[in-house]
Structure formats: structure tokens, C-alpha cells
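Feature annotations, courtesy of Swiss-Prot:
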type: COMPBIAS; residues: 1-10; note: compositional bias 'Polar residues'
type: TRANSIT; residues: 1-57; note: transit peptide
type: REGION; residues: 1-29; note: region 'Disordered'
type: TRANSMEM; residues: 61-70; note: transmembrane segment
type: TOPO_DOM; residues: 71-87; note: topological domain 'Chloroplast intermembrane'
type: TRANSMEM; residues: 88-97; note: transmembrane segment
type: TOPO_DOM; residues: 98-113; note: topological domain 'Cytoplasmic'
type: TRANSMEM; residues: 114-121; note: transmembrane segment
type: TOPO_DOM; residues: 122-138; note: topological domain 'Chloroplast intermembrane'
type: TRANSMEM; residues: 139-148; note: transmembrane segment
type: TOPO_DOM; residues: 149-154; note: topological domain 'Cytoplasmic'
type: TRANSMEM; residues: 155-163; note: transmembrane segment
type: TOPO_DOM; residues: 164-205; note: topological domain 'Chloroplast intermembrane'
type: TRANSMEM; residues: 206-214; note: transmembrane segment
type: TRANSMEM; residues: 217-226; note: transmembrane segment
type: TRANSMEM; residues: 228-236; note: transmembrane segment
type: TOPO_DOM; residues: 237-243; note: topological domain 'Cytoplasmic'
type: TRANSMEM; residues: 244-253; note: transmembrane segment
type: TRANSMEM; residues: 256-265; note: transmembrane segment
type: TOPO_DOM; residues: 266-272; note: topological domain 'Cytoplasmic'
type: TRANSMEM; residues: 273-282; note: transmembrane segment
type: TOPO_DOM; residues: 283-302; note: topological domain 'Chloroplast intermembrane'
type: TRANSMEM; residues: 303-312; note: transmembrane segment
type: TOPO_DOM; residues: 313-329; note: topological domain 'Cytoplasmic'
Amino acid sequence: MDSATRNPNYSPEVDPQPLPSTNPIHSRPIFSFPKRPALRITTEFDSESTVFFHKISCKFLDSLAKLKFAFHNNSKGEIAEPQISFVSKYLSLHYDLEDHSALVKSSVDVGPKLKLIGTHDVKAQQGEVTMVANLDDPGYALQLSTPLPSIALPKATFKFPQGEISLQEINDHDEDEQVKNSLSVSGTLKGQLLKGLCTAQYKDQEFKLRYRYKDDEMSFLPILSLPSNALSFAFKRRFGPSDKLSYWYNCDSNYWSAVYKHTYGEDFKFKAGYDSEVRLGWASLWVGDEGGKAKTAPMKMKVQFMLQVPQDDIKSSVLMFRVKKRWDI
């Protein structure tokens, strides 16, 4: 019989364990240096303009703000349009080193449903102040904006789920060079009609009617402008998950254009088309998402090759390319 069975008060001997140190000096290094923020370098090149565009940026303050430096340089190495930017959620500053001009943008949440947005050009001494008030019902908002220095009443825009309406005072000059104030009305109204979306837009005394029908294989978009009675329409047909044909025609000018697109996975795209207005045929190949960023492309690099063939002078065909590369350091 073992000792635990003979003596109910028996407890085995346990080696003593060292107690954890409560002195904070021994729990962290004597000298601690802040972690260097990650640098993001992006370079773009366009063979048509033979100009490089460079951008260097980094985030700091736990990604609450970003510092960016951007500039162009040509084939001779000359630097042009250098700009420094500081961007955060509530304040951004863009400074042009050549023009010595600064653009300041700021936004302040006055309340849970009220926001103030301000923009100021320091060199031009001009700016704009906008107030946005979100109403209790979702999708409804009232926006007031005025330029600084103010020369007219603020522009008022009322937004609702079916569109928006804007009222703005405009200062015109008559034949006697006297200032004449007038009220300008613009707006957009949209709604469902015959399994499609109908949109009516009025701006600058021009009225546009759009109707868009779209399903999994086809989309159709006619556009009518009044009072010019200009009519155009766009048609798109999908032949599978990788092939799509787009066609656009203007009934007044008889100009038309067509584009065929074929995708190879997510990173390769081939497009070919023709534009009758400029009498130009073209074809392009994209490596990387055409509308995406370089960080999602293979090797963080996007490349586009484009061949342009003029109909009237085939011998003057041009092959161009664009490259965009990103480095994370």
C-alpha cells in the first residue's frame, strides 16, 4: 500500500517554482525605439508622354494619418510638380513646392447627424464651406454650401432615396453690365420602370432621360436629351463569364463605337475596339486588374500594352505601354 493510501493527510513534495517578477524594469528592454513606419513607393511610366510619376507615402500614429510625397520627372531626369500631402480623417493638407500654394481640407462632426466640411486655397484666398445634415429617415439629407468669399446665397441640396434637388443663386450680367440675380434649379429623379431603372436629370436648361435595363446576359441604355432631341443608346451583351461585347451609337451624328473584352482569370484582360468619330481601331492587353490597385496585381505590378491603328493611315500605327509598380519597404 502506498503512502497516499496509508495517510490521508499525505501530500507529495512539489519543487518550488520561481515567482514571476513584478518589477516592470525587467519585463521590457532598457532602451526601446519606436517602430519605423512602413514606406510605400509607387512608380508609373507612360510611354506616350515619356514621363515618370513617383509617389512615396507612409502611415503613422497607428495608421491615423498618412504623409505623401509625389513628383514627376521626364527622360532627362528633371523633376516637376513636387507635392507634399498630409492626410487624416478630419484634416488634410496639400502643398505644391513649385507654386508655393497650399490646399487645406477639414471636416468636423458637430453632432451625430451634422457635419461641417471646409476647403481653403491659401494662395488664391478662396474656399468653400459645406454643412451636411442627415435627417432621421435614412437616405434623406440636407446640404448647404457656399464659396468664400461669399457672393451669393448658399447652394441648397435636398437628397432623398429617389434622387436630389438643388437650388443655387447665379449672378449674371445684362447688356448694361449690371448684376442680375437668378435662381438655378437642377435635380435628378430615378425610379423603377418595366424591370429597369429610369433616371431623369435636369441641369443647365437641359433635360436628359435615361433608361437602363440589365440582367445576367444583357444591358440596354437609351439616352434622350431635350430640347435638342439628341438620342443615343448603349448595348452590352455577355457571352459567358469571360466574354463581353459593348456597342454605342449616336442617332444624330451616326457615330458609333464597339468594344470586345475577354478576361483570363482575375489578372489578365484583352480588349479590342473601334471608334468611328476618330476613325481609330485599337487593342490593349492588361496584366493586373484594370480598375484595381497595384498591390493586388501579380508582383504588385500593373502593365498595359495598347496598339492604335488609324483607319486613314495604317502606317502611323503606334504601340504604347504603361507600367505601374509598387514596393513596400
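Note that Cβ sites are derived from N, Cα and C of the backbone, with glycine treated the same way.
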Per-region confidence, the topological domain 'Cytoplasmic' (313-329) (mean pLDDT, whole number): 93
Ranked first among 61-70, 155-163, 206-214, 244-253, 273-282 for CB pairs under 8 angstroms with the transmembrane segment (139-148): 155-163
Long-range environment of the topological domain 'Cytoplasmic' (313-329) - Cβ separation under 8 angstroms, sequence gap at least 6: 38-48, 288, 293-295, 300-307
Beyond the flanks of the transmembrane segment (61-70) by 6 or more, those residues with Cβ under 8 Å of it: 53-55, 81-89
Long-range Cβ neighbours of the transmembrane segment (206-214) (under 8 Å; 6 or more residues past either end): 193-200, 220-228
